[in-house]
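Down below is the structure, laid out as structure tokens.
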Amino acid sequence: MEALLLGAGLLLGAYVLVYYNLVKAPPCGGMGNLRGRTAVVTGANSGIGKMTALELARRGARVVLACRSQERGEAAAFDLRQESGNNEVIFMALDLASLASVRAFATAFLSSEPRLDILIHNAGISSCGRTREAFNLLLRVNHIGPFLLTHLLLPCLKACAPSRVVVVASAAHCRGRLDFKRLDRPVVGWRQELRAYADTKLANVLFARELANQLEATGVTCYAAHPGPVNSELFLRHVPGWLRPLLRPLAWLVLRAPRGGAQTPLYCALQEGIEPLSGRYFANCHVEEVPPAARDDRAAHRLWEASKRLAGLGPGEDAEPDEDPQSEDSEAPSSLSTPHPEEPTVSQPYPSPQSSPDLSKMTHRIQAKVEPEIQLS
């Protein structure tokens, strides 16, 4: 009996350590009032993306859910309007596996929305296939699609600067290796899928790094955010059906809820004072160092050029900084600009809101300013 009690105590102690070090996510503070600002969140019909969109809506932002499924996207928008009390949550169709869909989304957004303050690339997949254009599906959805979308929306992001781009990455980037001669290589079998997934996560981190370099002094900053181990649809989607009932209780015990997974992306989108850390990788709401492959500026630029080619970007569609990226009358005291009043747009079912030194030391100062969590209850 004593042995059983001792064993139970050890198991409980081990779980407490796992819970506080892996499962429990630190809270996101940042700006509490986003009224008059607009955010786009991809893959926001479930999981981390939906919780991210919910918190943005609760803080008053106009939130565009960019999702592939119209049925699920509109249902999520309805849920979020009900939960947040904010009618400025809408759905717009976006399939990151299709370059044509990405361009159509950008055209529709730019023609109907007068501003963009926050762009969060949350959508992602973990298994592979081939798109109609014969692309590696993992590469297209996890990197090329977001890369193209960012480029197409940059004029709006620059016009609303200071603004932010957040790329939801993963600790899997540590296992990634990019073969620039075969970026679009076919992926066959689950082992290759695991490697290819890690490669796309490395691409996310390098993309954030190079984008920050390209947009230096424009007022647009970019961050790679690791949500942590999250119990989301992405985790169980490709698990055999017979195994899911066995894994669900375990996942509930040792993985974060989507609400916890949303904290670091929200931190990168909202925390004031982190602009000097643009291009860095965040986990648990603070900067983390990455392996050499993920901070290789030469590889990041090479990936940038290869991605332009794969995305079909022309010479005039690069992310070169504008000479005067911010208006002279901008007096925003916070890290995101105070928007000007907006007129309702014709394609929206709801009216637009009226506006109302040392790296370690720097990181410590930023962390000290984090406000208490606004709960996603």
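Yeah, the Cβs are placed from backbone N, Cα and C, and that goes for glycine too.
Positions annotated as active site, proton acceptor by Swiss-Prot, on the basis of similarity to another entry: Tyr197. Look at Swiss-Prot and you will find Ser46, Ile48, Tyr197, Lys201, Ser232 tagged as NAD(+) binding site, backed by similarity to another entry. Feature annotation from Swiss-Prot assigns compositional bias 'Acidic residues' to 317-331. Annotation comment: Swiss-Prot describes 347-357 as compositional bias 'Low complexity'. As annotated by Swiss-Prot, compositional bias 'Basic and acidic residues' applies to 368-377. The feature region 'Disordered' is assigned by Swiss-Prot to 309-377. What Swiss-Prot records for 1-25 is signal peptide, and it gives sequence analysis as the kind of evidence.
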- [ ] Within 10 Å of the Cβ of Lys201 (NAD(+) binding site), how many other Cβ atoms can you find? Include all protein chains, please.
- [x] 27
Open item on the list: Long-range neighbours only, meaning 6 or more apart in sequence with Cβ under 8 Å: which ones does the residue listed as 'active site, proton acceptor' have?
Closed with: Ser126, Leu138, Asn142, Ala172
Task: Cβ neighbour count (within 10 Å, all chains shown) around Ile48 (NAD(+) binding site) - done: 33
